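Student: Here's a structure for you.
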């Protein structure tokens, strides 16, 4: 009887089931999956803030696993990718949530390279194992979102919450129900990761939705008028000329559809242009365009384009204006990797040695105390900022290395944000296209979510004490025979 070679996906799924089951029930035997030449790295940072280095060999991996103190380790697998690699090996990528010793769940990414064991067909061992927590990898990029003047970010969210958020949630839920897992990117996890890059796309959706809401409002006001249709087309033909003034900034974010002309930016400029056409009508019809002029003027004042100090015509309170235009970016310094027990007075005294500190604030990340804090320091001059940047690395209390960076200009943040958003949208389009691999993994590792239980366990068995390892302490798993 000819033995069929199992597919990489079948090998990957069975390995994932065995590996995380052993991690939960008997982590002290986890090293049996590895061999003499295996490498193992587990997410974490040392005292200096650098990522932990890999360990090699089954014995060192055993000590490393014991030092991690795995106890009642529960894992929720969200996605598994498995592909064939060199020398008949299989590379497996796992994404999900991990909770150890009753701690809150944390998103993780783990990659295995499974090498074939020469003595037995369809038998593999872990040659490389790389594990990282997502919040440790992307933690340093989060403060850039807060750099955009926290006050104006909160104001933008308050203005935009009523319209765009339900649309995004409906879109995500529809995509989630259709195919929970795709080949490489899982959309629900992507949206919940709090990454700042997709913001331009939601901004565009927001700007597209607001004129529609305003037009409905105007239609209700114009029902009492004799001819409501001419009032709306009057503004539409005039919008393209204004769009050219923003083309160099927003062309990357505007979709190539008919909704470009109805973006939320130009309408407040179009209303005065359309007035001469409306003035030819009775005076009753001239009122709705004036309402149209007033309403959009409050919202487009907040997008982070153009110089902030020159916008004195925005009807904001004085305290908000003072916070936005008080100090230039060259006087401000971003400080990351702050200890949790630090207070503002201690940090201010530390930076007073470089120059006069006029303002300081510390932000706490809400991840259950797992991540270091970050903050912003404002000097009365740009020279202390440059001295600190030249003097890097900056050591606090003699043992904590602070991550200090100059506050980036608004143009640089927009370029980075928009560039990342375009690439991410392209990836999502490719993943959501027809004929995609949604059916390959959807019925396998996602069974826990649907309540149908894990895959059948009769396919592969764990064999201990043979192969390339160190005698009885080395474990292997084999593919099923068909």
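A Cβ is built for glycine as well, from the same backbone N, Cα and C atoms used for every other residue.
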Student: Would you mind telling me which one of 48, 225, 235 Swiss-Prot calls phosphoserine?
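Tutor: The candidate carrying the phosphoserine note in Swiss-Prot is 225.
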Student: Select, from 149, 193, 262, the one residue given the annotation phosphoserine by Swiss-Prot.
Tutor: 149
Student: According to Swiss-Prot, which of these ranges is region 'Disordered': 109-139, 140-170, 326-356?
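Tutor: The range carrying the region 'Disordered' annotation in Swiss-Prot is 140-170.
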Student: Name the residue among 410, 438, 468 that Swiss-Prot annotates as omega-N-methylarginine.
Tutor: 468
Student: Among 50, 392, which is the one flagged in Swiss-Prot as N6-succinyllysine?
Tutor: 392
Student: Are there any residues at least 6 positions away along the chain from residue 392 (N6-succinyllysine) with a Cβ closer than 8 Å to its Cβ? List them or say none.
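Tutor: Looking at Cβ-Cβ distances below 8 Å from residue 392 (N6-succinyllysine), excluding near sequence neighbours, one finds 404.
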